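Listed features, source TrEMBL:
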DOMAIN    45-293  domain 'G-protein coupled receptors family 1 profile'
TRANSMEM  29-52  transmembrane segment
TRANSMEM  64-82  transmembrane segment
TRANSMEM  102-124  transmembrane segment
TRANSMEM  145-166  transmembrane segment
TRANSMEM  202-228  transmembrane segment
TRANSMEM  240-263  transmembrane segment
TRANSMEM  278-295  transmembrane segment
Amino acid sequence: MDSSEERNQTSLPREFILIGLTNHTHIKIVLFVVFTIIYTAAMISNLLIIVLVRADSRLHTPMYFFLSNFSILEVCYTSTVVPQMLSHILSERKTIPLVRCAMQLCLFLSFGITECFLLTIMSYDRYVAICRPLHYSLIITKQACIALALASWAGGFIISVINTAFTLQLSFAGHKIDHFFCEMPAMMRAADGEVQQAKICMLISAVFTLILPLLLVVVSYACILYTILDSHSNAGRRKAISTCSSHLAVVTLFFGAVISMYLRPKSSSSMTNSKMSSVFYIVITPALNPIIYSLRNKEMLQALKKVMNVSKQMN
């Protein structure tokens, strides 16, 4: 009876201790300042995209509807991790209660998976716009956009709940997680005993949320490339390349970072590399993506100028 009670106590501790990124005081201060600046920039730029799409009627198109959803996701998933990470960098006690850890894991997976689906939908939107322009308004309707966005959010939430449930069934001999947030692979490393079911669940999820979406993105862009090369209009070709290049850059950054986090071969994986991949995915890409979309997007820059002119007139 005593051994059974002891096992139950160690299976799910009331709180976890997050090891974090580093224990060097000077590096901690530098990381805190740098990450605070990047996080603030990411929040401002993504919120600005949401406001611009909402405020400018010229941006009330399917492409910008999906882009505003994407920016909402960027704000949400980075905010599930970064504020806590910043507080832990300067704190001696890096603990997180079990309930908060479970919520963080579930929300982070949910927003990340939804983003995978949304990037795939955005690729399909570009495919229809370039390869089937005459049918675009019939296929990509307002109702279809809303349905696809809702399906992405719902699918991400359902898959994240399943993965979180499998992770919380693990038995933990200790309280320490060698990461700066409650990440599924890191929690599996900290588990004591059988983790096979959680690993299988994660791999199956990766097939449906990473591999298949990435394949669909590749197929979409292969068709787009063929159409561009076959086009006899230089103006149309330049417009298609300009429209797709920014999205393709974001897709490359996103899927590259996520695959390095979750599908890296075990032999070449180390906790340092895993943490660096996570930092890039969680902190840096949300700040880079708005820049990538805005700098090459004339309509977004025009909308920004319009908002700035209106604000000047009001002042």
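For all residues, glycine too, the Cβ spot is worked out from N, Cα and C.
The stretches the transmembrane segment (29-52) and the transmembrane segment (278-295) meet in space: the count of Cβ pairs below 8 angstroms, excluding pairs fewer than 6 apart in sequence, reaches at least three.
With Cβ pairs under 8 Å as the measure, the transmembrane segment (102-124) is packed most heavily against 145-166, out of 64-82, 145-166, 202-228, 240-263. Remote same-chain residues near the transmembrane segment (202-228) are listed as 113, 116-117, 119-120, 123-124, 126-127, 130-131, 156, 159, 162-163, 166, 184-185, 188, 237, 240-241, 244, 248, 251, 255, 258-259, 262-263 (criterion: CB distance under 8 Å, separation of at least six residues from the stretch ends).
Outside the transmembrane segment (278-295), and at least 6 residues removed from its termini, the chain residues within Cβ reach (under 8 Å) are 21, 35, 38-39, 41-42, 45-46, 48-49, 67, 70-71, 74-75, 77-78, 81-82, 179-181, 183, 246-247, 249-250, 253-254, 257-258, 261, 301, 304.
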